[in-house]
């Protein structure tokens, strides 16, 4: 019975949820760790500042490999208006400071290795933050060598986060740098994925089902009456981060395979995604100062941004940092309920990582900025989970739902995630951000063999014909080696979602006119005031004949820059007949160049609700319907092209087979924004918005006609019975009764007469008063009242 109850809980949960979360887990043990030896800053004074360009070399002990990092300032990691807000333990603003770019030596560049011949060969990218320069430099960051990421961390950080089975350190005093590779993490022989306890036999405990035990792979058909769950949104685990993650509207399996490697929909020119980060008390407490905490956040974003730049042409840029004091409050403030000491339900506590995400999401929902998303940095974990993220919430403002401390299943969904501090925090951050951009997990051996995922539609396959991606990419369900890029499938999925508008992109800005923290900096890839163009450093500008990388001015005769302006062809403005953005259908008209500018006009689409075909309407620039979206997303699991929407009311994708009209099929999906829903409203981020009470009543009546008819008939019958009862009662009260009247003792009157009948008898014997004499004879019992002359007609006697 217990197993049966558990199974029911799993099915009910999986079948009813439409928004969900992904959870990362900590890495497994390290097989090897190296010490960074002989670091040298190649400047005359061995000194650098925030705007320096320099080379940095060092050895990897004990391999003795010589590494060179060719570095330059990363100016676009901080926005011009970037600030840090210091909060007190109650969540009130203590002070606000501008983040000065000169205070943060943040660099980007390329990694090189030296061959035995002495020749340097470029082998990857590098992102570094310099803590100390001089003859004994100290830096942290990440670089890649042939797609294998190399993490450089300070000894103090390694000691604090060291796993029990990690290699021990010697007794060398002082602070120095350590390095480990992705390939140094313990791996299974079959797939190269990290071994974890979470990968053991799946557990099924209804009491802890809410988050990391959930799987949105389960889509069994359920009767409608059994398809109600207390959960409004779906949370799944990312590591084993967990089965999958697909929030919002996710393309079906055919779409995932068809878009592998496609960048159609992603920006052709650099875009900037502004983000906000909050450091809670547990995170701040791991650093010697608030300045160190700030530097670590900048380092994390600096490293993660490179993956998005290379894959999607989007830079992640810090707009605001909030830092809470290192001393955690005894009782969390209502202003910052997420700011609590570490607590774990599994260990008898009551505040999990999922609770932090819920309360943080509610906090983020009150912010009025235009940031792409917000991240909460913490030092807490739940068991071995180190990250959670809501799916497909890029650029989403506000919040759906509200966390209730009395109800563990209540959830608030917003553009937010939670990242725990680890020795590879940047990877967790990049992975969680990938879910906010709408990516599902890459397929691994477990997902490919899952019987509830027969067509591999809930994960990104390696190729159209191969399921298992073998743990090589950023959206792998578990941490693994050589993870430095998104898979071709993830790139295709995110780009296609941008093209189809199943994620918002309105918060992404162009690199033109974006102020950076350092003001005008030629070579940072952002076109600022006083610059015509900026193609980046000289390496990035190779082959660019339109822009001079040294002056950031157009070359002689150039009107625009092909690399940064969509309406620029051969350094000249494209003609007005040039299509700079193609149409994706009848609801998305093409845009053409103006002929006098290098910029493509804003992307516009037809108004939602407009007719675009038989039984089709425009929604988010697509010509579609509820039935068509059901066919696209769940058709291969239901009835193919015969699949139809279960009803016309909600915004979660619920479908049915016409042959089984009472069986409801659901997935972790929502209808496109602009799709009609109940009460005359339209779907917006998974919620029905704009409905009216009158229309909702009308819709409810139309959806429940049998009930309405039954109630009406029953009420009518009761009313008729009541009326009939009243009529019968009234009739009984008014019916005359045949009762004998008592004798009336009254003086008899002489019968009336009329002159036409002659004189009455004994007329000659009148009484002295002239009145006829009275007969002493009583009238009959039932005689009518006496008639009086002039009032009643005379009575005739026979």
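Cβ from N, Cα, C; glycine included.
Swiss-Prot lists 271-510 with the feature domain 'Peptidase M12B', giving sequence analysis as the kind of evidence.
According to Swiss-Prot, the feature domain 'Disintegrin' maps to 519-608.
Annotated N-linked glycosylation site per Swiss-Prot: 32 (among others), in sequence order, evidence recorded as sequence analysis. In this view, residue 32 (N-linked glycosylation site) is surrounded by 14 other Cβ atoms within 10 Å of its Cβ, with every protein chain counted.
Per Swiss-Prot, N-linked glycosylation site is recorded for 226 (among others).
Under the heading N-linked glycosylation site, Swiss-Prot lists 227 (among others).
Among the features that Swiss-Prot reports, N-linked glycosylation site is placed at 313 (among others). Around residue 313 (N-linked glycosylation site), the same-chain residues at least 6 positions away in sequence with a Cβ under 8 Å from its Cβ are 266, 267, 268, 269, 270, 271.
What Swiss-Prot records for 407 (among others) is N-linked glycosylation site.
The region 'Disordered' feature in Swiss-Prot is assigned to 734-798.
The topological domain 'Extracellular' annotation in Swiss-Prot covers 24-706.
Marked as topological domain 'Cytoplasmic' by Swiss-Prot: 728-798.
The DSSP breakdown of the domain 'Disintegrin' (519-608), given as helix, strand and coil counts, is 0 helix, 16 strand, 74 coil. A mean pLDDT of 51 is what the model gives for the topological domain 'Cytoplasmic' (728-798).
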